[in-house]
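Worksheet: one structure, shown below.
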Amino acid sequence: MFIQPLFGVRVAPFIIAVIIFCFFTEKAKSERKKSMDSFISLLATWFVLFFSIKFVTKWEIFIDNPMAVLAYPSGTQEFYIASVILMLVAWIKRADHLPRFYDYILMLSISLFSYTVITRLGLENGHWVDLVLAAIFLLGTLLFRNPYWLVVGIGVISGVTGLFIYTPTILGYRMHAGFYLLMAGLVLILIFRKKEATTGQ
């Protein structure tokens with residue numbers, strides 16, 4: 001009743017990504033399972049946050065009629081907040097997640113590319129810029145094994161594209177160009193912190 005029409009279209013690409021990762025990644029079965037389980041856990045956490053945060057962002061409606069909030073779809077604001085909280089959670093447990101960061105990025109890039117293919121070519125929705133950027137992201141992930149610089153690069157490209165041409169979307173949600181640049185900046189800080197930690201040892 002309260003499920004958004006595009007919910008299935010947004011979930012299906014992640015299922016596709018996990019299946020592809022499971023069958024086509026040259027890793028030990030136990031390692032693949034750990035990466036998939038962690039990715040699915042983070043993804044589930046994000047979806048729960050994305051859905052539940054609207055009870056805070058739409059608090060006036062919630063106070064007036066709590067059930068009415070369920071009918072309101074979560075949007076870009078909830079996307080931002082859920083993403084920031086998830087990054088904080090992942091950072092707190094970074095010892096578990098950082099070793100699997102490349103696997104996460106690989107599954108994420110497959111998911112985003114699958115989504116843009118489904119929406120742009122299948123549903124004839126979305127923008128060609130989204131498809132091109134998703135293809136670059138996936139191709140870069142497959143060619144370069146350093147996920148940190150890859151995220152910085154795609155973040156800068158998406159941010160600059162958003163400033164001058166068209167603001168790219170993520171799963172159909174249009175992000176501000178500053179969001180991509182901020183993500184690139186945060187990962188850049190992480191790169192230098194890792195470098196300092198390695199140098200100090």
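For all residues, glycine too, the Cβ spot is worked out from N, Cα and C.
TrEMBL labels come from automatic prediction, so no person has curated them.
Feature annotation from TrEMBL assigns transmembrane segment to 6-24, 36-57, 69-92, 104-121, 127-144, 149-167, 173-192.
If you count C-beta pairs under 8 angstroms between the transmembrane segment (69-92) and each of 6-24, 36-57, 104-121, 149-167, the highest count goes to 36-57. Counting only same-chain residues 6+ beyond the ends of the transmembrane segment (6-24), those with a CB under 8 A from a CB of the stretch are 32, 35-36, 39-40, 43, 103, 106-108, 110-115, 118-119, 123, 171-172. For the transmembrane segment (36-57), the residues of the chain that approach it from at least six positions outside its boundaries are 14, 18, 21-22, 69, 72, 74, 77-79, 81-83, 85-86, 89-90, 96-97, 100, 103-104, 107, judged by C-beta separation under 8 angstroms. If you look at the transmembrane segment (104-121), the same-chain residues 6 or more away from its ends with a CB under 8 A from one of its CBs are 9-10, 12-14, 16-18, 20-21, 25, 35-36, 38-39, 42, 97, 127-128, 130-131, 134-135, 137-138, 140-142, 147, 150-151, 170-172. Remote same-chain residues near the transmembrane segment (149-167) are listed as 105, 127, 129, 133, 136-137, 140-141, 174-181, 183-185, 187-188, 191 (criterion: CB distance under 8 Å, separation of at least six residues from the stretch ends). Sequence-distant contacts of the transmembrane segment (173-192) (same chain, at least 6 residues past either end, Cβ-Cβ under 8 Å): 75-76, 79-80, 87, 148-149, 151-156, 158-163, 167.
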